[in-house]
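Before any comments, here is the structure.
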Amino acid sequence: MTYPTPRAAVLTGIGSWLPPDELTNADLEARLDTTDEWIRSRTGIASRRRVSPGMSTSDLAVEAGGRALKSSGQDSVDAVVLATTTPDELCPATAPQVATRLGLPMVPAFDVSAVCAGFLYGLSVAAGLIATGAADRVLLIGAEAFTTLIDPDDRSTAAIFGDGAGAVVLRAGNPDEPGALGPVVLGSDGSRSDLAEVPAGGARRRVPTPEASPYLQMQGREIFRHAVRHMTAACRTATEAAGWQLADVDRLVAHQANIRIITSVADGLGIPPERRASNIERVGNTAGASVPVLLAEENASGGLVAGQRVLLTAFGGGLAWGAATLVWPSLASAQ
Ligand code: UT7
């Protein structure tokens with residue numbers, strides 16, 4: 001039995017926003033047993049942004065979402081999907097509040113929770129909404145106030161994570177037009193959920209105890225190994241599914257977890273340094289916001305130009321990962 005090709009999700013708007021409060025390596029040096037040299041050489045990070053008191057994920061999402069709508073040239077969509085690990089409240093989802101604040105009341109709006117792979121999972125969800133005809137236009141936002149999950153005294157995580165938001169608008173279109181999302185490859189491995197977890201605050205352990213921290217506990221070295229393996233494999237599968245050779249890839253836009261992870265993945269795929277996009281030095285690891293923030297910044301700076309073949313990939317807690325391809329379209333950059 002064959003079915004007609006579903007309509008594609010086509011990228012038509014993009015935007016990002018970082019909170020103004022900056023946390024430099026020098027700030028961390030002043031407070032923790034760490035050095036600028038250690039952080040730069042082990043992670044590639046020099047600085048990151050963080051929410052200031054009173055600011056939360058929805059505030060970041062509204063800023064980025066508004067810019068993506070403006071870039072798309074239209075102010076309405078049929079659905080809002082928010083990829084986040086840090087909803088404003090445990091209940092309800094944050095997306096409906098974001099939709100309302102963006103002047104999009106009454107549209108379907110919900111959160112997707114896949115930590116650093118959240119934007120890739122969100123792309124798949126948005127593409128599904130469009131393919132089935134449930135929506136003609138979807139606003140997908142990756143927004144994280146991830147530093148709210150970080151113990152400021154834990155040098156192994158405080159040096160890595162930052163906050164921010166990136167957003168895209170996807171519209172119904174043809175699979176062969178620029179901006180059309182290729183097959184999205186996703187995966188997960190719940191047997192290693194312990195490698196990056198926030199033990200307290202959820203349904204199993206509502207209240208923190210000496211044994212159950214309310215902060216992210218991460219086994220960095222183990223995560224590193226899995227990240228390289230799964231992102232490399234997902235990239236191979238996604239390019240193959242799109243009918244591309246790896247040599248066809250003009251820009252690799254990988255989750256900005258650690259410069260050494262990005263280097264290992266790109267080296268393994270044979271993608272040379274000049275084709276690797278990166279903002280980790282300035283932005284740090286912003287979890288589910290990482291890929292859309294990088295896409296928006298590259299689009300604005302001319303690092304991404306129309307016609308380039310772009311490979312996206314992400315990996316993080318869950319474990320969860322993903323990869324996808326698209327030919328970059330011509331997109332306005334909204335400030
Ligand atoms: O976003 C998706 C999920 N997260 C990731 O993908 C993170 C992946 N992992 C990583 O990025 C790296 O594993 C880290 C950057 C987290 C750590 O780098 P590493 O090279 O794997 O170091 P390590 O965890 O094996 O630690 C080496 C040493 C340890 O000291 P001992 O036990 O050897 O004495 C750490 O205590 O480095 C120490 N260390 C630090 N030293 C100075 C850890 N953090 C710091 C720090 N400053 N900030």
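Glycine is treated like the rest: Cβ placed from N, Cα and C.
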Given ranges 16-20, 256-260, 266-270, the stretch to which TrEMBL attaches the annotation region 'ACP-binding': 256-260
Chain residues outside the region 'ACP-binding' (256-260) and at least six past its termini with a C-beta under 8 angstroms from it: 42-45, 116, 160, 224, 227, 278-281, 283-286, 290, 294, 315-316
ASN285 (active site) and CYS116 (active site), Cα-Cα, nearest whole angstrom: 9
For HIS255 (active site), the number of other Cβ atoms found within 10 Å of its own Cβ: 32
Around the Cβ of ASN285 (active site), the count of other Cβ atoms that are within 10 Å: 25
In three-state DSSP terms, the structure that CYS116 (active site) belongs to: helix
